[in-house]
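Take a look at the structure set out below.
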C-alpha cells in the first residue's frame, strides 16, 4: 500500500462537488420522456447450444441512437433472474461465450454495446458504425446538459432495462448489473435511474469526480479530452460546472464495489466519491497490489458469488 493516509481519506471523501439541487428533477424528467416502452427487434440466433436461447436486441435509443445488445437466456419453465453487463471505455459488449458462464446458475445475461464505441450501437442516425469515442466526456459542455453524450447513454440503459423486464421469460424483480471501469459506472447508473436494478456490482468505476481528476493531472487516454477541452477552449474553466454530475444517492439496491489501490486511471479516491455518497446497503473489497487491470485471482469468483448467490470458495495456498 503506497499511501495509507490516502486510504483513510478515501473512507470519508465525498468528491469535490455537491449534488446539484435540481439533479433529481432533471433525471426524473428525462426518464419520463423515455418511459414509454420503445419499439424493438428481438431476433433469435441459433448457436446449436441446447440449454440456452440467444438473441440480438436492437431498438431506437435517445436522440435516434441505434442500440444493440446481446441477450442469453437459459431455457426454463420459470421466469429467470438476469444480469445486465456493461463494457469498458472504447470497448464493446461481451462475446457470447462470456455470457454463458452465468446461465449454468440459471441467470440470463444482457450485454449492451455503448453507442459510438467499438460495438454495433450507433450514436444517432448520421453517426458512422464504429468508434467515435473522442469527445464523449466533454460533449455538451458548451451546448448544455441536454446535449451531454452520457445523458443519452444513461437513457439507453434505462430503456434497455425496461425492455428486458417486459419479456415474459424474465423475472423483473431479480435484476442485477455488472461492469468494470466505464462499465462499473454504467452498472451503478442503471440502478440509479431504474429501481428495477437491485444488485449492482462495480469494479473500479469510471466517470466520477472529474474535478479531482483535473487537480491530480491525469491526462491518460480516458481523460485527455478533458484537458484538451479546458486548455484550448475554456482555459479559465468557466464551463467546468456543466460537466459534473452526481447520481449515487439515487441508488436503492445493494451495491458491491472492488477497487485496486494502485489504479492510476480511475483513481481510488474518485471511486470512493461514489461509494461514500451511497445511502443504500453497500460493501467494498480493496485490492492493494492491483491497478486498472484484469483482476483474475478470485475476483471473478467473488463477482459470481455476489451476483448469483453461489458459494464458490477461495482456496489459498498453504
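The backbone N, Cα and C atoms fix where each Cβ goes, glycine too.
If you look up TrEMBL, you'll see 181 marked as active site, nucleophile. Per TrEMBL, active site, charge relay system is recorded for 263, 292. The annotation substrate binding site is assigned in TrEMBL to 89. TrEMBL lists 1-308 with the feature domain 'Acetyl xylan esterase'.
Around residue 292 (active site, charge relay system), a 10 Å sphere centred on its CB holds 20 further CB atoms from the protein chains shown. Within 10 Å of the Cβ of residue 89 (substrate binding site) there are 20 other Cβ atoms, across all protein chains. Per-residue pLDDT, averaged across the domain 'Acetyl xylan esterase' (1-308), gives 86.
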